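Visitor: Annotated domain 'Sodium/calcium exchanger membrane region' per TrEMBL: 5-145, 169-312, in sequence order. Positions annotated as transmembrane segment by TrEMBL: 6-24, 36-57, 69-95, 102-121, 127-146, 166-184, 204-225, 237-256, 262-283, 295-312.
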Amino acid sequence: MDLMSYLYVLAGFVLLFLCGNWLVKGGVELSRHFRVSPLVAGLTIVAFGTSAPELFVSVKAVFTDLPDISIGNVVGSNIANVTLILGAVAIVFPIHVKRPSVLFDWVVMMVAFLLLFVFLINGVLQFYEGVIFFALIVFYIIWSVYSSRKKSAKNEEKFPAPGMNILPALGLVALAVIGLYFGAEWLVKGASDLAIGWGVSERVVGISVVAFGTSVPELATSLAASFKKEMDISIGNIIGSNIFNVFSILGITAMLKPLNVSPAVVSFDMIWMVAVAVLLILFMIPLRKGILSRWKGAVLLVIYIVYIWVLFQS
């Protein structure tokens, strides 16, 4: 391991962050052209855009014969989203939970987590299981868009005007996708070298270093939404991103190539992922007027630090 390993990781992080933002910006502009509500934009377009780094990294890792980086990236990112990202956002701006629909999305997220746990018990995420995941994300997107459009029509909701024409928005999305490809390439290469140099498993590097880097877009998007007082986008972004991470990213990855995972992913990491999701819903009760306060955010942040410490100790 040399300086180039760190440079590859850093360059990969920067490119994934920039291109993830471009993808979100282009996606939001397209959503305005198609009159999609801000909430659905958070649950679908923005969530997919901020999950794009995970997708590119997971696909690249599995085709480089590094499946533990692929699965560790997703599981680690889901844990970081709930503890590190929401914890940091809540410390800066306490998050008021206004919509009861958050409960439905949380249930979908838990279904995704539990299905993943069941599918991984045998140590392999198979092609047909990837197909099931992908079918579920398609259904989720269709349902989210349909229910939002129906409610918006009933309430005569006003949609923001597009900030750019549709062709430049498409061009921005295309440029972002190209950048995401190269960012994933560099990050996976650097991360695999770090695992060798540090003397730890690829799973540990995937869950910690890689997952942290691919979660940066979620942090940026959620903080930006909080500064604008758009709490629905902030919460919707995290829950939607976690749903996309499992159903879309692992679904697509498994359809391209079955994923063999380490036993520790099921016996340790998945337990933490489900546990922090349960803690999140407890912190948000009652759903119509619950508050993810600063002290709750601090608790989530401490949980993430403890998890990473235990991960490296084990």
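Placement of Cβ uses the backbone N, Cα and C atoms for every residue, glycine included.
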Visitor: Mind checking which residues of the chain, 6+ beyond the ends of the transmembrane segment (102-121), have their Cβ under 8 Å from one of its Cβ atoms?
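Guide: Distant contacts of the transmembrane segment (102-121): 43, 71, 78, 129, 132-133, 136, 140, 235-236, 239-240, 242-243, 246-247, 250, 261, 265-266, 270, 273-274, 277-278, 280-281, 284, 287.
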Visitor: Given pairs 6 or more apart, does the transmembrane segment (204-225) have at least three Cβ pairs under 8 Å with the transmembrane segment (127-146)?
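Guide: No; fewer than 3 Cβ pairs under 8 Å.
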Visitor: Are the transmembrane segment (6-24) and the transmembrane segment (166-184) close, by which I mean at least 3 Cβ pairs under 8 Å that are 6+ residues apart in sequence?
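Guide: Yes, since the transmembrane segment (6-24) and the transmembrane segment (166-184) share at least 3 Cβ pairs closer than 8 Å, they count as touching.
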Visitor: Of the stretches 69-95, 166-184, 237-256, 262-283, 295-312, which racks up the most C-beta pairs under 8 Å with the transmembrane segment (127-146)?
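Guide: Ranking 69-95, 166-184, 237-256, 262-283, 295-312 by Cβ pairs under 8 Å to the transmembrane segment (127-146) puts 237-256 first.
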Visitor: Between the stretches 166-184, 237-256, 295-312, which wins on the count of C-beta pairs under 8 angstroms to the transmembrane segment (262-283)?
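Guide: Comparing 166-184, 237-256, 295-312: 295-312 has the most Cβ pairs near the transmembrane segment (262-283).
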Visitor: Under 8 Å between C-beta atoms and at least six residues away from its ends: which parts of the chain pack against the transmembrane segment (295-312)?
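Guide: Tertiary neighbours of the transmembrane segment (295-312) are 79-80, 82-84, 86-91, 94, 200, 204, 207-208, 272, 276, 279-280, 283.
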Visitor: Cβ under 8 Å to the transmembrane segment (166-184), counting only same-chain residues 6 or more beyond its ends: which ones?
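Guide: That would be 11-16, 18-20, 22-23, 25-27, 29-30, 33, 49, 52-53, 56-57, 59-60.
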